[in-house]
Amino acid sequence: MALMSVYDTFWSEWFWLPENVTWKHLENKEDGIYYPQTRDLYIPFVLAFVVFAIRKCFESFIAKPIGLYFGIKDGKPKVVQPNSALENSYKVKKFPSEETIKALEKQTDLSERQIQRWFRMRRNQERPSQMKRFTEASWRFFFYFNIFVYGVAVLWDKPWFADSIQCWIGYPKHHLSSGVFWYYMIEISFYWSLMFSQFMDVKRKDFWEMFAHHCATIALLTFSWCGNFVRVGTLVLCIHDAVDYWLEAAKMAKYIKAQRLCDVLFAIFGVVWFITRLVLYPTKIVYSTLFYAHPIVGWGPAYFVYNGLLISLQILHLFWTYMIGRIVWLQVRSKEVTDIRSSDEEEVSEEDSSRNGSGDRKQTNHVNNSVSK
């Protein structure tokens with residue numbers, strides 16, 4: 001009884017639906033009209049494993065051969081010779097100070113150059129290979145580009161694609177076509193797969209911001225499905241997918257050392273980001289939900305929760321815009337587009353100068369910060 005009470009409270013029509021609308025109005029019948037059902041949300045859980053399997057096959061049999069063709073090394077970084085004194089110092093600080101190096105010289109009978117080289121090799125052991133970065137970027141490019149094309153094809157003839165007020169006229173009795181249905185299912189499954197794989201993928205500077213983004217996106221998609229805010233949800237997805245593949249393409253160009261192409265793609269990414277995340281998203285979606293929706297469908301708890309999720313995404317957009325601006329400024333100063341969202345592997349050479357090794361890395365690490373969706 002208690003469980004049923006919690007269930008009834010959670011699915012209260014007062015919370016989810018406008019006045020004079022009940023769940024019975026949204027039951028599917030044999031009339032060709034389909035409304036979203038909560039049981040549909042089991043599909044993305046299963047589909048997420050399929051997406052992950054496809055990803056692994058794509059990375060192994062398509063992305064990796066492409067990377068090898070362009071000369072990306074697939075080898076693991078060199079393993080340092082075990083040294084307890086250096087290892088203990090490394091655990092305290094990965095970039096040793098001049099004082100620390102002098103103290104280690106006395107403890108280990110190694111030269112300053114040898115100690116600097118050991119620390120560089122030790123840092124590289126914890127960094128993912130260029131091939132891993134390339135295959136991950138390739139998979140994301142492949143998915144984002146194809147899902148964007150699919151989304152535009154599905155939405156092109158839909159009235160709300162050009163006029164967001166159509167997201168609310170007739171709400172919540174909005175028929176769900178098969179194309180829109182699978183567009184939503186695939187997108188939710190992709191973000192579920194990212195939630196799991198993020199802990200195995202290349203660790204980024206904005207790891208927790210990305211984790212929060214995935215959580216907010218899944219919550220937004222799930223909530224919009226339950227309340228049949230699907231029309232707005234499809235616009236959110238299309239706007240996000242329009243920019244992501246440019247970023248991944250820029251990364252791929254960098255990894256294959258096509259620097260000029262990387263610069264061009266990153267510039268396009270910046271322009272598309274500004275148009276989609278700072279112009280279209282707030283003016284076409286957030287503005288629509290804040291000012292168009294309530295005169296048509298009325299006020300309600302679900303309306304406020306949904307708006308809160310949309311606004312939280314906009315806050316993340318502003319955060320990443322700041323990060324992009326910072327990266328662009330550093331790129332203008334260094335005249336080079338660095339890896340977006342991660343640090344490069346450090347070169348290890350017997351000819352490395354110990355002084356250049358510490359000073360230059362501070363500048364490089366400063367530039368190698370990341371920005372993403």
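Each Cβ is built from the backbone N, Cα and C atoms, and glycine gets one as well.
Since we're looking at a predicted model, the values are computed, not measured.
As annotated by TrEMBL, transmembrane segment applies to 41-58, 137-156, 181-200, 261-283, 303-325. Feature annotation from TrEMBL assigns domain 'Homeobox' to 86-129. Under the heading domain 'TLC', TrEMBL lists 132-333. The feature region 'Disordered' is assigned by TrEMBL to 338-373.
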Cβ-based contact of the transmembrane segment (41-58) with the transmembrane segment (181-200), 3 or more pairs under 8 Å: yes
Same-chain residue ranges lying at least 6 outside the transmembrane segment (303-325) that approach it to Cβ under 8 Å: 206, 209, 212-213, 216-217, 219-220, 223-224, 227, 229, 232, 236, 270, 273-274, 277-278, 281-282, 285-286, 289-290, 293-294, 297, 369-373
Contact set, same chain, for the transmembrane segment (137-156): CB under 8 Å, 6 or more residues outside the stretch: 55, 58-59, 62-63, 66-67, 177, 179-180, 183, 186-187, 190, 234-235, 237-238, 241-242, 244-245, 248-249, 251-252, 255
DSSP-assigned states of the domain 'Homeobox' (86-129) in counts, ordered helix, strand, coil: 32 helix, 0 strand, 12 coil
